[in-house]
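Visitor: Please see the structure below; I have some questions.
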Amino acid sequence: MLDAKPGSTSHAPKDHPPIRREKVGVLLANLGTPDGYDYWSMRRYLNEFLSDKRVIDYPSWKWQPLLQLIILTKRPFSSGEAYKSIWNEEEGESPLMTITRDQTKALRSKLAQTYGDNVEVDFCMRYGNPSTKSKVREMVEKGCTKILFFPLYPQYAGATSATANDEFFRALMKETWQPAARTAPAYFDRPDYIDALAKSIEAAYADAEEKPELLVVSYHGMPKRYLMQGDPYHCQCQKTTRLLKERLGWADTEIKTTFQSVFGPEEWLRPYTVEEVARLAAEEGKKRIAVVAPAFSADCIETLEEINEEIKESFEEAGGESFVYIPCLNAEPAHIEVLANIVQENLKGWID
C-alpha cells in the first residue's frame, strides 16, 4: 500500500538526497500529434510514426528507402494541409492535444475526490510531444514509486496499445529506481463505455433534423494480415458494435461496421468506410447516415478531417443528402467517469 506520509530523513546521513513523499502515477497515452503543420514538423512526426515496426512491419531494408526518399518528401505537404484545416490556432496545437489535456485535467479532478493529492495524473504521446520518456521521468522526480500506464485505445491493437506499452517499458529501462508498473487493459466491452457511447448517439439522433437511416460505426483500419497473425483488434471492434446495437435496441439493418484510414497497397480490414458510404448512397439509396468512431477516445485528424470532410464528401458525391458526424467522447463527463472507473479498478492494492 502507498505510504502517503512525507519521507522521513531522521535515519539518513546529512548529505542524503531528498526523500520525496510516495505517490502513485497515472499516465494517460494517446497516439500523438505534430508540433505544427509545416513541412518539417510533419516530416519529423511522420518519420517517427511510420518508422515504428509495430505500425509498418516490413523489413527495414525494403521500407526505409521508400519512406525516406519518396513518402517523406511528399506526404508532409498533404498531411500538413489536412492538419491545417482542423488546427486549433488559438492554442497553437492540434485538437488531439487540446482534448487530451482536457481529459487529463478532468480525470485529475475526478480522482482527487477519492485520493486527494496522492495520485499524480498526466499524459504523454507515443509519437511527438510530450514524449513518454519525459513524462515517466517527471513522475519519478515527483515521487511516483508506482505508475499505472493507460493507453487511451478502447480496442487493443499491436499498432496502438502494444507500441504505447513498448515505449513505456523502454522509458522505465532508463530509470535507476524503477517504479512498479501496471498497464490498463482495453475497455471495448465495458458496460459503462458502451452506455456512454450509446447516450452520445441517442443525443445526436435527437438533435438531427431528420433521423438518420443508418449508423456507420467506423474504426481505424489495419492490414488484414495482422488479423490473420492473431491481433484481436478486428474481433474487439465487432464486439463493440454488437454491444452498442444491443444497448440501443436496434436491428441489424440500422447499424454497420466499417474501417477507415487505409494506407499502402496491401488489403486492409473491410469494408472501407470511404467506399462503403458511397455504395450506401449510390446502390442502396441511403440519403441520411450518421457516423461514429468508437476506436478514438478523442477527436483527431482521422475524425475531424478524414470522416467529417473526406468521407462526408464521398457520401454526398454519391447522392447522399444528410451526413451527421457524432463526436468522440472526448472530455465529456460520462467518458471521464469511465476512465476514472478503469483507473480505480487498476489501482487496487496500491492505494485505496
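Along the chain as shown, the residues are counted starting at 1.
Each Cβ is built from the backbone N, Cα and C atoms, and glycine gets one as well.
Look at TrEMBL and you will find His220, Glu302 tagged as Fe(2+) binding site.
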Visitor: Around the Cβ of Glu302 (Fe(2+) binding site), how many other Cβ atoms lie within 10 Å? Please give the count over every shown protein chain.
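Guide: The answer is 21 other Cβ atoms.
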Visitor: Cβ-Cβ under 8 Å from His220 (Fe(2+) binding site), same chain, 6 or more residues apart: which ones?
Guide: Thr160, Phe259, Gln260, Ser261, Ala293, Ala295, Phe296, Glu302
